[in-house]
Ligand code: KG4
Ligand code: ZN
């Protein structure tokens, strides 16, 4: 048995300040602690994440998160073998806060520094939670990301496609706002959709049947807006049934788009990797039971295993960064004090940049 590797991870690329301790031994990682300090209250009045406010909150809370993560793991900095930090992509002030904090810890302790791509953190999460082997197909689906990736190694990704405008979570949030539901919008829309008639309104399925794996959600969001405005014009407002039917119709349309694109991505992936039929999802939208069940069904029809990590590791956290850092550490990767914070950092540099930015800033 080899010696365990214990890494401290830091994440601050959007609106969660997170620190975690992960131990890796014989090819399996274990989360010893994972602390996430959210900022939702700070941005509520602005209808979105304000980068400068986020960056200041990260700078204030990173040391709190680190102390708490170490305490919950029952360890100190002297027990660590390295510090992994999100070095991009994301809101630059937040990423800088994390990178500066990690550099400070490494300068003071002499620990090695490992800069991690936030998207790689998400993409490698199924290896942390379920120990799945390379290669696999990954769908990142959140408020800030939406892309299909073939994951072959900690630094080996091919992007099959992604959103050309909004991320799906962003569409859930915008639709919730225009229907007067709370933020973040996903859980509220899912709850309203339960009693709704998904067939009452005819909503588009953008890009469906196109011969690639790209997605689009902004036209769907606009169609919901138009339908709402027509109802308001004709009847003076929305009834509870109108709202439920719109939510159900919207959710059904997102499901149909994701399922169609997933089918296509799986076909491409399985053509290349017939011996590894496995698909994983991560991101807040994967919490939606209808979407999750539909994607699981698509995977089943293609004969592929479906892996959906527990929600707290699907959404932004530092355990995924510590785990990805540990895999990179094992490849021999080390950074030094010249490590830069990057607002953009595509996982697959052979592909043209995606046009869509996502609510929380351009990701790749
Ligand atoms: O991964 P995440 O926590 O943060 C990033 O965006 O990076 O994802 C948050 C997004 C929000 O847009 C939220 O509305 C969406 O995930 N979400 C959901 C559900 N729960 C959260 N969308 C649909 N159905 C849900 N149950
Ligand atoms: Zn994320």
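A Cβ is built for glycine as well, from the same backbone N, Cα and C atoms used for every other residue.
Annotations in TrEMBL come from automatic prediction, not curation.
Here is what TrEMBL says about this protein:
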- 118, 122, 316: Fe cation binding site (BINDING)
- 140, 141, 142, 143, 144, 173, 186, 190, 288: substrate binding site (BINDING)
- 30-322: domain 'Gcp-like' (DOMAIN)
Exercise for the section: Going by DSSP, give the three-state secondary structure for residue 186 (substrate binding site). Expected result: helix
Practice task
Other than 118, 122, 316, which residues of the same chain sit close to Fe cation? List them in sequence order, counting a residue when its Cβ is within 8 Å of the Cβ centroid of the site.
Solution key: 11, 13, 14, 86, 119, 121, 142, 145, 317, 320, 321
Practice task
Could you measure between residue 140 (substrate binding site) and residue 122 (Fe cation binding site) for me? Cα positions, answer in whole angstrom.
Solution key: 7
Exercise for the section: Tally every other Cβ atom lying within 10 Å of the Cβ atom of residue 316 (Fe cation binding site). Expected result: 28
Practice task
Pick out which of the binding-site residues 144, 186 has the most other Cβ atoms within 10 Å of its own Cβ.
Solution key: 144
Practice task
State the count of C-beta atoms found within 10 angstroms of the C-beta of residue 122 (Fe cation binding site), not counting that atom itself.
Solution key: 31
Practice task
Drop a 10 Å sphere on every Cβ of the binding-site residues 142, 288 and tell me which sphere holds the fewest other Cβ atoms.
Solution key: 288
Handout entry: Of 118, 122, 140, binding-site residues neighbouring ligand 1, Cβ under 6 A
Key = none
Handout entry: Filtered binding-site residues, from 140, 186, 316, whose Cβ is under 6 Å from an atom of ligand 2
Key = 316
Completion exercise
If you count the other CB atoms within 10 A of the CB of residue 118 (Fe cation binding site), including all protein chains displayed, you should get 29
Problem - For residue 140 (substrate binding site), the three-state class that DSSP assigns - result: strand
Completion exercise
Comparing the Cα of residue 186 (substrate binding site) with the Cα atoms of the binding-site residues 118, 122, 316, the shortest distance belongs to 316
